[in-house]
Structure formats: structure tokens, C-alpha cells
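**Student:** Take this structure, written in C-alpha cells, and hold onto it; I'll ask about it next.
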Amino acid sequence: MIPAASSTPPGDALFPSVAPQDFWRSQVTGYSGSVTRHLSHRANNFKRHPKRRKCIRPSPPPPPNTPCPLELVDFGDLHPQRSFRELLFNGCILFGIEFSYAMETAYVTPVLLQMGLPDQLYSLVWFISPILGFLLQPLLGAWSDRCTSRFGRRRPFILVLAIGALLGLSLLLNGRDIGIALADVTGNHKWGLLLTVCGVVLMDFSADSADNPSHAYMMDVCSPADQDRGLNIHALLAGLGGGFGYVVGGIHWDKTGFGRALGGQLRVIYLFTAVTLSVTTVLTLVSIPERPLRPPSEKRAAMKSPSLPLPPSPPVLPEEGPGDSLPSHTATNFSSPISPPSPLTPKYGSFISRDSSLTGISEFASSFGTANIDSVLIDCFTGGHDSYLAIPGSVPRPPISVSFPRAPDGFYRQDRGLLEGREGALTSGCDGDILRVGSLDTSKPRSSGILKRPQTLAIPDAAGGGGPETSRRRNVTFSQQVANILLNGVKYESELTGSSERAEQPLSVGRLCSTICNMPKALRTLCVNHFLGWLSFEGMLLFYTDFMGEVVFQGDPKAPHTSEAYQKYNSGVTMGCWGMCIYAFSAAFYSAILEKLEEFLSVRTLYFIAYLAFGLGTGLATLSRNLYVVLSLCITYGILFSTLCTLPYSLLCDYYQSKKFAGSSADGTRRGMGVDISLLSCQYFLAQILVSLVLGPLTSAVGSANGVMYFSSLVSFLGCLYSSLFVIYEIPPSDAADEEHRPLLLNV
């Protein structure tokens, strides 16, 4: 017979005596003392190192397993661990984009100069695309955040931008031939110049904009544990794509039978680039299924419906009396005749922290995807006006009750509108036929605990033989916020209190500008640092082949085509492609080892090394005319490129673990990952705008392409200082220091 709830002393209700828990003792020694060991979203203080996962508190015993049809449970928001193949295919679009971009950067300047574009104007070709990107990139990011296409939020944008890049590439590499077919004559390529410039703008904008939905796509479908791997694979594939692109561009196809058959160097390059971009785009689109975004008006049944199926709680036996007999399923071996053991049993209470994210909870919840789903009831404070839940008395059932160890009175404190939790109780009638789960204080009109009002979760018992045992429905009390933890990972309080049900504000330019102007300080400093990095890198990248042709090989792009100076310039452009190939492969190699380096070096140190190496590499290239020295310095360019493609987005993911940074839907400060990724990418466009405005006149003033390398070296050293002194690598704990002293479920 289970004693009534009123007869249980408060101390025993919170911490059950050891005698009834003899079956637990061997596996959870000292569990009651672990209630003060908790996990908040700041438990790791946003430190990325060390990356080893640590157990926050010991595990109580696993409960019995209860069969549950998987189709009844919505696990759509859970992200299982992705395989290397999935992450590789997901990042293939970066390979194709960088392959195409390598062709663009290698051949745009030489092609335009050879068609007669003046020196003062050729840098302005890069001016239009970044302006479009700067104006449209945040809008595209915000639009993708709210896209409700059945193909997902990111994949439609990836497809459209890839098509735009392919069309721009067609105009860029075939503009001269199309112009001649229209009206151009030798010495006057006005149509060819117009088509080539349009192709550069379309190709550059589409290629740069495709990076953002591809990064957001990976972050949407991957757990936090896979996001670092995904970013590194993205940078690796981007480096490999650029490397192979420069290899193709560095071959003299005019001297091969294949090149002569296709009609020249540019035709071969176009064929390789079009095929590569098309194949990689298809691989990315089919890599990982993307779940469509529900319209704002559609309610989320998995979170709000009281019929959400979840398994029942584990039984814990009362004190055995002299005349009592044990029921058929006991807590000794934690299994039952109707519930065979699961091959993968989650350990309740052993939540794991990594990089301040609740990765362990996602892994814990993802373990439900087995043949036999483990049952769970996290019995904690509800303190609300809850109706009693009853199992029909006609169904035979052993008189059992369950409760996990609870925190003492006053352990949970009132904060930010959440009232102090009150103790819940499990009561049973005298006949033992009814199992009631409710609150001691039932007079309150609304929930006042740390968790919101529990939902009634009905589960059909699908296992077992015939008779009433097979048709009974088990009613389980499960808090909505706990369900959010298990099924959705990290959810902030504003989303769990019902504010997420409100219709989101419509997207507008004014609201977007407000988001940009009111960006957090951490994001602002990261954007400035990102801008300096791209400013130095783009100055080198866009004009490196011209630097090799004019400075290193002493050629002249405007000389007669039969002259030696013109041939030297072409040889320099080809050798510049091989230099860019070295840079791209060094970027791929550095991306492969960057994750290992993060275990030994801080992000600040890695930033410092990247900027310093690039500044030295570009500066020393202007002091030497030795071809091998200049080519070997290209290794330093890959270090900065890999850093710019990885570390800013990794820091942004860390920032989003801060509740203050992410904002709240209730007060309209909620931020979107797509918008913030676009804000980071806008720094690339700003850098390209400044490069296009400054480097043309600077090159004319200096008299050679050496001015480009001087500029890049100087800006890189400025970025080195800024990344060391101003960038915020850890969100200060003062914004929510008290959260370190609260249990796990309070602020999840």
C-alpha cells in the first residue's frame, strides 16, 4: 500500500529514504548529493578549450523500456550525428563555388585589359557586385530565415544562386566571342566588355551570396557537435575547389589537342567550371534532408498538443512489508515483461556539456530513435493548477509510484517572472487503482513552478500479449519545457512561455536596419575584424595574377599580341594561377588541422597567427623577384583564407549560446542566425567595394601592381592588432552570472 502524500514528511518527499532505494544504491552512489551540481548554458564559460566532454553529475539508473511507435513522436528537430559523407556532400557547393571563383579571379583582369579597358577603370568592375551584395545580402538572409518552401529554407536559395553563378560564368568567359558575334570588331569590343562586366557582376554576386545559405544550411541540419566539423569541412572543400580551379587555369590548353578542338583556353575553362559547379550543386541539394519551416500561423502540435506521445516513468518500489509480494516488473533489473531492454539506454541526469551548448541533451534525446524507446518521467516542480490524471480502475495494475530525488525547499528561486516552484506529489487512492500526479497547491489559477503547466501525455501500450494489458493507455505527466529540451535542444524562456506563438513581425528594410544598428557589441567587433581580414585578402586575391604578370615577369598586357612583353604577361598570369593553387591547397591543409590546433591554441592566438602570416607574406612578396620565393609565400595566404571561412562563424555559434545575445521574442530583440551570418558576409562586400575604389588609383599612382601588395600587407597588420585587442572571444559572465547557480531546467 502506498502511503498518502499528506502522510509523507516533507524531507522524505524531497529526498526518499535509503531503505526503499536499496535497488538504486549500487549504481548511483551519492546521487542525492549531486543536486547542487547542475548545468546551465554557461557552464563552460564559452571556452572552446579543452574540447573534452565532461560529465556534470552522476547518472541515476536507467528506467524500464517501453515500446512506442516512432511515427507517433515528432523528432524532426533533433539532429543526429552526421556522417563524414553527409557533411562532405553538404559542403560540395563550396568546392564548386570556389572552383568558379578561381577562374574568375584569375582571368577577369587579364581578359578586360586585353579587350582595351583602361587601367583606371578595371578595378571598378568589382564595384557593382559588392554594392548589390551589401544591400541584398541581409535581405536574402532574413528571407531565408522565414522561407516556408517545401524544399526547406536554404536549399531554394542555394539552387537559384548556383544558377545565377553559372549564367554569369557563361557571360564572363564567352563575352568576347558573343560580342564578336553581335557587332564587335577588332580593336573595338564594346559589346564584349559590356557582357563580360555583366557576367562578372552576376557571377561575383551569386558566388558570394551562395556561401551564406550553405553555411546556414549546415548549421540548421547539424547538432552543435557537428557544426565545428562541418565548418572545417566547408573550408577544406573551398580550399580544394580553389586549388583545382587554379590547376585547370594554369594549364596551357591552347597547346593541347583538346584545347584546340574546343576553341581555345577560355572554352576549356568554361567547360570544366560549368560541369563542376552543376555536379557539386546537385550533391549539396541531396546531401541532408532539410525540414520545411512551418508557417507562423501553424501551431506546433509536437510542443503544444496534450496528446504528445511520450513514455511513462520508471517504477520505484515502496518499502517491502512482511506480507507484501513483489510485482511482476521490479526496479531491480530495470526491465519488465512488457518492455524488453533497449540496446541503447539514455542515462538520465548525466547531461553533458560541450562549448556551453546542450549537446548532451540532444544526444540523450536522439537515443530514443531505437526499436524500443526508453521511458522517462522527469518528476520536478510544477506547482500549478493541474487536473489529476487517472488510469482507469478497471485495469489491473500493481500499486506503484515513482519519484526521482528532488531539490530541497527554496532551492529554486524566483527570477524574471518565474515564481518559486512548489513541490509536486504522487498520490494513490486506498484501493491502489488510481495513480494521481498533481500539485499540493491546487487552488492557484495558473502555473507557478519553474516549469510550465504539465501536459497529459497519452501513450498506447503496443507491446505484450492479449487481454486488457495490451489495450490500456498510460497517462504520463510531462512538463512542456522538459519536452522542449528532449525534442528541440536549447530553447529560451521567451519561446517556452508562449511568446513564440505570436505572429512574427513582417520583414521590412527599417526593421532590418534596426537589427544592423542595434547589433551586440560582440558581433560588431567581430564584423570589424572580419572586414579588415577580407580587405587585406581581397586586395591580394583580385590582382595577384596581374601582379605576377607585370611585376614578377615584367610583362605588358596592352602590348601587341605578337610581342615578347605580351607573351611574358600571359606566362605570368599562368604562373599566378599556380601560385593561387598553392594558396588554395595550403588553405585546405590548414582547414584540416585547424580543429586540432583549436585544442592547443585559443581563437585569439589563431587569429593573430593568420593575420601576421598574411602580412609578412604579402610584404615580402614585393621585396623579391625570385619566382620560387614568391610562390612559396602563397602558403601564408591560405592560412588567412581558412581562418576567415571558419573562426568567425564558429564564434558566432558560441555567441548564440548567450541568451542576452540571442534576444527574446517577447520584446522584439530576437536575432536570426541567417541575418547575422549575412551581416558577417556583408563585411566581405564592404571590403570589396573599398578595394575596387582604392586599388585602381593606387596602382596608377605607384606605377605597378606592387601597390596592391603594400596595401594588403598594411591592412593585415592592422587586423592583427585589432583581433588581439578588441574582438570579444567570450561573452562576459556578468550579464547572467546568477545563472551559474541554478539547476539545468530553469533556464534551458
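Positions of Cβ are set from backbone N, Cα and C atoms, glycine also.
Heads up, here are the entries from Swiss-Prot:
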- 93-113: transmembrane segment (TRANSMEM)
- 123-143: transmembrane segment (TRANSMEM)
- 155-175: transmembrane segment (TRANSMEM)
- 191-211: transmembrane segment (TRANSMEM)
- 233-253: transmembrane segment (TRANSMEM)
- 268-288: transmembrane segment (TRANSMEM)
- 294-339: region 'Disordered' (REGION)
- 308-317: compositional bias 'Pro residues' (COMPBIAS)
- THR497: phosphothreonine (MOD_RES)
- 533-553: transmembrane segment (TRANSMEM)
- 573-593: transmembrane segment (TRANSMEM)
- 600-620: transmembrane segment (TRANSMEM)
- 627-647: transmembrane segment (TRANSMEM)
- 685-705: transmembrane segment (TRANSMEM)
- 708-728: transmembrane segment (TRANSMEM)
**Student:** Grab the same-chain neighbours of the transmembrane segment (191-211) for me: Cβ-Cβ under 8 Å, and only residues 6 or more beyond its ends, written as numbers and ranges.
**Tutor:** 93-94, 97, 100-101, 104, 108, 111-112, 115-117, 125-126, 128-130, 132-133, 136-137, 140, 157-158, 161-165, 167-173, 175-180, 182-184, 681, 684-685
**Student:** Which sequence-distant residues neighbour the transmembrane segment (627-647)? Criterion: at least 6 residues beyond either end, Cβ under 8 Å.
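**Tutor:** Tertiary neighbours of the transmembrane segment (627-647) are 231-232, 234-235, 238-239, 530, 533-534, 536-537, 540-541, 548, 552, 575, 578-580, 582-591, 594, 603, 606-607, 609-611, 613-614, 616-618, 620-621, 716.
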**Student:** Before we move on, state whether the transmembrane segment (573-593) and the transmembrane segment (93-113) share at least 3 Cβ pairs under 8 Å, counting only pairs 6 or more apart in sequence.
**Tutor:** yes
**Student:** For the transmembrane segment (600-620), name the stretch out of 155-175, 268-288, 685-705, 708-728 with the most CB-CB pairs under 8 Å.
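**Tutor:** Stretch with the highest Cβ contact count: 708-728.
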**Student:** Per the definition of 3+ C-beta pairs under 8 A with sequence separation of 6 or more, do the transmembrane segment (533-553) and the transmembrane segment (155-175) touch?
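**Tutor:** No; fewer than 3 Cβ pairs under 8 Å.
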**Student:** Of the stretches 123-143, 155-175, 233-253, 268-288, 708-728, which racks up the most C-beta pairs under 8 Å with the transmembrane segment (93-113)?
**Tutor:** 233-253
**Student:** So which residues does the transmembrane segment (123-143) touch in its own chain, when a touch means Cβ under 8 Å and the partner is 6 or more beyond its ends?
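**Tutor:** Those are 108, 112, 117, 157, 197, 200-201, 204-205, 208-209, 212-213, 216, 507, 509, 512, 515-516, 542-543, 672, 674-679, 681-682, 684-689, 691-693, 695-696, 699, in sequence order.
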**Student:** Short question: which residues 6 or more past the ends of the transmembrane segment (233-253) have a Cβ under 8 Å from it?
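**Tutor:** For the transmembrane segment (233-253), the nonlocal Cβ contacts are 84, 87-88, 90-92, 94-103, 106-107, 214-215, 218, 259, 262, 264-265, 268-269, 272-273, 276, 280, 574-575, 577-578, 580-581, 583-592, 594, 638, 641-642, 645-646.
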